[in-house]
Amino acid sequence: MDFTVFAQQIANGLVNGMAYVLIATGLTLVFGVLRIVNFAHGEFYMLGAYITYFIGTLLGLDYIAAAAIAAIVVAGLGIAANKLIFWPLRRDHEFTILLSSLGLALLIANGGELLFGADPKYIESPFADEVLDIGTVTLTEQRVLVFAAAVVALVAVYLFIRYSRFGKMMRATAQNPNGAALTGINIKLVHAYTFALACGLAALSGALVGPTVMIFPTIGNWAVLKGFIVVIMGGLGSVTGALFAGLLLGVIESLGGGYISLGFMEAIGYAMIIAVLLWRPNGLFSTARGLR
Amino acid sequence: QQPPLRIALIGPMSGTGAFEGQLGLEGAQAMAAVINANGGIAGGRKLELLTYDDKGSPEDGVSAAKRAMEQDNVDMIVGGWFSAVALSMKEVTRDKIITVMTSSQHPKVTEEGHKYLFRLNATSAMMSEFYSKAICERIKPKSIAFINVNDDWGRLELENYTKLLTGCGIEVKGHEFYNRTDTDFTTALTKLKSLNADAIYVAAINTSQGATIYRQIKQTGYRGKVIASAGNMNPKLVELSGNSLEQVYSASPFTEDGSAPSLKPWLEQYRKSYKNEPSFIAALGAQAVQAIAFGVEAAGGDPRAYDKIAAALKSQEVPTVMGDLRFSDKGQANQAIHLVQIQKKQIVSVRD
Amino acid sequence: MLKVEGLKVSYGHREAVHNVSLTVEEGELVTLVGSNGAGKTTTLKAISSLLRPSGGTITFDGERIDRMAPHQVIERGLVHVPEGRQLFPDMTVLEHLELGALRGRPGSMGFAERLRWVYDLFPILAERRTQRAGTMSGGQQQLVAFGRGLMANPKCLMLDEPTLGLAPIIVDTLADTIKSLHKSGITVLLVEQRVDLALRLADRAYVLETGRVVMEDSAQTLLADPRIKTAYLGL
Amino acid sequence: MNPAGQEILSVSNLTRIFGGLTAVRDVTMSVQAGEVVGLIGPNGAGKTTLFNMLGGSLPPSSGSVRFDGTDCTGAPSHVMGQRGVSRTFQITSLFPSLTALDNVRSAAYRTTRAGWGAAILRSAAYRREEEELRRKALEILAFCDLDHRADTLADAMSYGEQRRLEIAIALAAEPRLLLLDEPAAGMNPEEGQRLVEMIRRIRARGVTVLLVEHHMRVVASVCDRLVVLDHGVKIAEGPPAQVLNDPEVIRVYLGREPVDA
Amino acid sequence: MNINSNGQTLAIAAGLAALAVLPFLSGNAYLEHLLVLWMLYALLALSLNIVIGYLGELTFGHAAFVGVGAYTSAILSTQFGLPPLLGLPLAALVAASFGLVIGYAALRVVGPQFAILTLGFGAILFTITNHWVDLTRGPMGITDIPPMAIGPLTFTAARETYYLVLALVLATAWLCHALVTSRTGRAFLAVRENAPLAASLGINVFHTKLLGFVAATAIAGIGGAIYAHYIRVITPDIMGVHNVAALIIVVIIGGRGTILGPILGALVYIGLLESLRVAGPLRMVIFAALLTGTVVFLPGGLVSLWQRWRTSRKPEAIQPAAATSYPSAEGGAK
Ligand SMILES: Nc1ncnc2c1ncn2[C@@H]1O[C@H](COP(=O)(O)OP(=O)(O)OP(=O)(O)O)[C@@H](O)[C@H]1O
Ligand SMILES: Nc1ncnc2c1ncn2[C@@H]1O[C@H](COP(=O)(O)OP(=O)(O)OP(=O)(O)O)[C@@H](O)[C@H]1O
Ligand SMILES: [Mg+2]
Ligand SMILES: [Mg+2]
C-alpha cells in the first residue's frame, strides 16, 4: 500500500497508543506502586469523561476548565474509595482486594448508568473537529492534545516517583508497608495521595480521550483492560515501560488492523502481548527482581 | 373490572445495547399509556407492561423469557431487539405464547414460521430492495465502499447491497468489518478513505458506534458522500454526530410526518413522558403493543386464546403508528419503507 | 521515659501478652529476655504502634502513645528496629538511609553528617550504597535495618534481635555501637537472644515468660541468677 | 543409605558472579556421608549463595556440583529436592497460611506415593499412607518441639518457632543431605544447645548435614569439620578446634568472641 | 477438611438431602431453572477454584474454556449428529487440550502477568470463535442445539437437568476434596504458599500448576457443554470477560480454596441477582453495593462466617491476626 496510508496508520496507532498510555499512567501508580489491581480505574476514567460533559453542558464552562474540575472532583472520589474500601482491606489477600475493586467498578458503572442515563453522549471540545495536516498525515487537534498531554503526564509521574521524597515513600510503602510505617512514613496518607493522583489522572484521560469518541456508562471496561495490558507489558511499576508498551500496542493494532484484518485487530494486539510476556516474563522494562 | 393484559417486554436494559433497549421500552410504554387512557381494550381491560433485562445476551434472554412465562405468568411477550437473543428466545417461547419480535432483522427468526411468533421489522432483504433503488436513482454515486458491523446482519447487508448496487452500475471499491465492541474506527476509515470511493456506506446498529463513525469519517478528511444504512437513523444519532450527518440519506419505516391516525397521540404522549425524541426503535415498541392489543380485541378479549389471536393477526390489517401492517403466514410483517435525509439536523422524509 | 502499664495484646481471640508493665528511664539500657514465643516482639510492636493493644497504657515522655499511628511515635523520637529487618527489597541502601532520616527528629547532626556517621560505623553500607537491599546477604540486610533506624536520630531506640545473622566480628562492632549510643545519652530497649551479651550490656532486665513478666532486676543480678543460667544461657 | 565415610557431595571450582561481584569464587570442597560440616565466614562471604547453588535455586556461573555420584550442576531446585537435598532458608520460608501439621505433611511430597487418583478412590493404600503420614508428621513436630503447635498457622508463630518449623519441613522430606542456613538465628544459647542435640539426632538418622551458622558454640559442638569462606573464597578447612584458632579466621571472622570448643 | 467429626457428616448428609428434594419444594419451573443455573455456576466456580483457590493464580481466561467445551459439543451434535452424551467427554478433552497448550505457555509466568496472558489467550479464542463463521456461525451463534440425552432419557426440562448437574457438582466436589487430602493437592497448596520452598522439597512447580490448570479447564469444558445443551443456543459472548468476572465473584465471595465456598457463592450470586429484581433499575447498583460491602466486612468470603463462628466458640483455635499478616519484605512467600 502507498506511503500516505502507511504514515497515517502509524500516526493513528501512535495516538491510540498514547491514549492507552494516558489511561495506564494512573494504573501504574496504584498497581505498580501499591500493588493493588484496581478494576475500578476504568470507572474513574468514565466519571472523568461524564463530569467533563456535565460541567460543559450544565454549567457552560469551557472544555479545558471542565476537564480540570473533573480531574479534581474524581481525585476526591478516589480518596473516598480508598478510605472506604482499599485502606481497610490493605492487609487482606490480593484477590480479596481485587474483588472489592470489581465490586466498586460494578457499583460506579451501574450507578453511572442510572444517574447519567444509558444514552451515549458527546463531549464538545473546540479541538475535536479541527483537522491538522502534518505532512501527509491528517489528525484532529484533539488527538494531538491527547498525545501531548500523555507525554507531559508521563514525564511528570516518572520524575515524581523516581525523585521526589513522596515518590520514595510510595515505593517504600509498596514494598513493605510495615517497614515503611516503622520508618516514619504515614502510610495512610501515602495511600490516600496515591489514589487521589491515580484517579485524577484517570479522570483526565477520560476528559481528553472522550471527545475523540462517544461516551456511555460502560466505556470504563475497555479502558481498564487496555490500561492493564499496557502496565503489565511495560513491566510492573515501570513508567518508561508503560510508554513503550502503549505505543507499541497502538501501532501494532493499527498496522495489524490496517494490513492484516480489522476483525483480528485486537487479537493481533493480544498475540503481541503474549509474545512479549513469553519473551520477557516481567515485561519490557522490568526491574528484574533478582533470580528466582 | 377485568384483570389487566400483562405483556412482558424483554430487551437490553443494561450493557452496550441499553440505549436502544430504553428507546424501545419508552415507545411501548407511551403506546400502552395512550391505549389505557382511552379505556383499554376489549371493554376496559388495561395493559400492563413488565420489563425484563436481557443484557443483549441470549442466556439472559432465555432466562427472562422463562421467568416471564413460568414465574410471572404473563399473557404475551415482546422482545428480540438483538437477533441472537431473538433466535434463542423463540426456542423457549415457540408454540407456547404469543411472541412479538421487534427490531431483529435476521431471516431465520420467521423462517420456520412458528404458529405464535410475529416479527415487526422488515428483514434485511426487504429493506435493501427498497433502499438500493433509492441509492441508484437518487443518490447516484459512481463508486462505493462499505463499513459494516461484523455480525450476520452486517454481512448480509454487504452481500445484498453489493449485488444490488453493482446491478445498477455502481462500482464497489471495498469494505471493512468492525467489531461490536470497537470504539475507535480511524484505522478502518483510513483504509476506506484511501480507496477514493464516491460514497461510504455505513452499516451500524449501535447509536454510539454510528455517531463515532460519522464524526470520524469527516475527521479523516474524507470529502465524498456518506450513506447511512436503512432502519438505523434516530434523533440521538443526529444530535451526537454534529454536522457530520448533514445531507446524509437513510431509509426508515418510521417518519414523524406519517399519516397513521394513532401516530399523533403517541408522539404527544411520548414527548410528554420522555426526554428522548421519538425514533424508529420507539415506534417498533409502540407497534408491538398495538399489534397485541389488536389481536386480543379481534379474538374477543381473551388474552389466552392464542390460536384465535394469531389467526386474527395473520388475516387482518393491523393499524399502527407506522401505517397498516400485514403479517405473512409465517408471522413476518410487511412494513412500508421511506427514504429519509438529514437536513439541518432534522430527519425529514424525502418524497418525490 | 518509656512506661508500659498493664499491656495486653491479642491476635484474634488469643491474647499473647497479658498485663505486662515495664519502665525504661531516660538514659537507661534495658533488656527484655524470654524464650521463643514469650511475647517480646509483640510487646515492642505494641509500643511502636504496629499492633493495637487491647488493654493497658503506654506513655513516652509523659505522653500517651498507644493510640497513635507508627509515624507519630517516630516523630517523638522512639525508633523501632524490627525483627526480620522489614526492608524495601527493590530500593537501594542509600534510599533506605534517606527514608530513615525522613521523619526523624531534627537533631544536632545534619543529614550528611549522620550519613557519614552510619557509613563509618558500617563501612559495608558505604561500599554497597547503590545495591538493592533484596540482593544483599542476610547479615548485610541486618546492618541496613540498623542503619536506617539510626538515621532517624532516636531519643529512645528499641532493638529487636539486632545481632540476628551477624558474624561474630560484626556482633562485636554492634555491641560497641550500642554501648556508645547508650553512653551518648540514647535510651535503649533491647530484645536479644544472645542473652549473655544483652545482660552484659544492659543496666536492667525484664524476664518474659508466656506473655507475662516473671522477673525484673538489675542485669548483673540476673546474669548470676541460676535460673537464668539454666533456662536462657544453656549453662 | 550411603555407608558412612563415602563422599556424598563434591563441589569443584564453583563460581557465581552477580554483575561485577563474584559472590563465590572457585570453591572446591567435599562432604562425606554421615558428616556434619560447618560452613562459616563473615557476612556476605557467599555462604547462602553457595547453598543456593547446591539446592538448585541458582545456577552457577562455572564449576560443578556432584551429589551422590551424579553430576547435578545447574539442576533445578525440584530435581535436587527429589534426589534428596533439602534445605532451610536464611530468610524464614514456610507455607504461611497452612497449619504446622500441614506444613510438614505438604513437605513429605518426596516420600509419599498415593496421589490424586488413589485419594478419589480412597484406596486401602491411600488410607494406610495418610495414616502413616499423619503419625510421621506429628512425630517430626514433636522432634522439633512443636507438637503443641500442630494446629497453629505458620504465620501466627513467633520467629523462633518458625525457625524450628523450617527444620521440621526440611526433615519431612527425609533428605540424605540437609542444608541448614543459620538455624540458630533467633534462638537463645539454651535453645541453641537444644538445636545441637537435634542436629546430632538428625545425623543419627543417617542424614548428612551442611550447616551455616554464626553461633560459634553451636558450630563448635556439633560439626565434625569446618569450611571457612571469605569474599567467596575458601580460606580454611579442618576440624573445629584447629580452624577456630586459625589467626586468619579470627582476624576476618571471629574477632574477639570467646569460643569454648 | 476432615470428615471425621460426626457433626460434619451429619451436616453433609442433611445438605445432600436438601439438595435432592429442592426441586420438589420450588413447585415452579422458573425456580427450577434458577436451580440449574446455580448448579452450573457452582460447577464452573469449583473448576475455577482449582486455579484461584488451590494454585493461587488468577486466570482471566476461564470463560474461554467454558466456551470451547460448549462449542465442541454443540458443533459435534448439530453438524455431525453426535449424541450429546458423547459430546461431554469430547468437550472435556478438547477444552483440556486447549488448557494444556495455553497453560504450557502461560504458566511460565506468575501473578498479574499470568492473568494478562490468560486474558490474551481468552481474547484470541473469542476472536477466532467470532470470525470463523463456517465453523461457529460467528456472532450469530449456534442455535437448535439438541438437549442432553442419556439413552432414552432426554434432559429438556429444568428439573432433570438439575439432577444431572447436581451429580456433576457433587462429583467435582468429591474430586476437589480428594485433591486437597492427597499428596497431589498438598503439592498444589505448597506451590501456592511458597513456590521456591515447594521446589526445594522436590515438587515440580510447573508440572503441578499445569496439572491443576488442565484439570480445571477440563471441568470447565464439561460445564460449557452442559450449558450449551441446556440453553440450546450459544454465542461467542459465552467467552466474554464479564463471564470471567462473574465466576471470579462467585469463587471469592464464597471463599476461595474451599469446596463449600464456590457452591455457596453461586447460590448467593444467582439468588441475590434474582431477588433484587424487585429493586427495578436499582438492581445492579444494590447488588454491587452489597458485593463491595461483603468483601469489606467479610474478606474471607461467606465460608469464613462459619469459621468465625467456630473460633468464637473455640478460643484456642488461632487465626492470623489482621495486624501482622503483611508478608515479610524479603520472605520467600510471595
Ligand atoms: N501474627 C500472629 N498471629 C497470631 N499469633 C501470633 C502472631 N505473631 C505472634 N503470635 C503469637 O504470639 C506469641 C508471642 O509471639 P512473639 O513473636 O511476641 O514472641 P517472641 O518473644 O518475640 O519470640 P521469638 O524469640 O521467637 O521471636 C507466640 O505464641 C506467637 O505464636
Ligand atoms: N542477587 C544478587 N545480586 C547481587 N548481589 C548479590 C545477590 N545475591 C547475593 N549477592 C551478594 O553476594 C554476596 C554473598 O552473599 P551471601 O548471601 O551468599 O552471603 P552470606 O555468606 O550468606 O552472608 P550472611 O552471613 O550475611 O548471610 C553478598 O555481597 C551479596 O550482597
Ligand atoms: Mg520475636
Ligand atoms: Mg547468608
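Note: Cβ is positioned from N, Cα and C throughout, glycine not excepted.
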Between E:63-82, E:183-202, I'd like to know which one TrEMBL lists as transmembrane segment.
E:63-82
Does the transmembrane segment (E:161-180) reach the transmembrane segment (E:244-272) with at least 3 CB pairs under 8 A, where each pair is 6 or more residues apart?
yes
Check the transmembrane segment (E:63-82) against each of E:114-133, E:210-232, E:284-306 and return whichever range has the most CB pairs under 8 Å.
E:210-232
Stretch in E:37-56, E:88-107, E:210-232, E:244-272 most in contact with the transmembrane segment (E:114-133), if contact is a CB pair under 8 A:
E:88-107
Tertiary contacts of the transmembrane segment (E:88-107) (same chain, 6+ residues out, Cβ under 8 Å):
57, 61, 64-66, 68-70, 72-73, 76, 82, 114, 117-118, 121, 125, 148, 206, 209-210, 213-222, 224-226
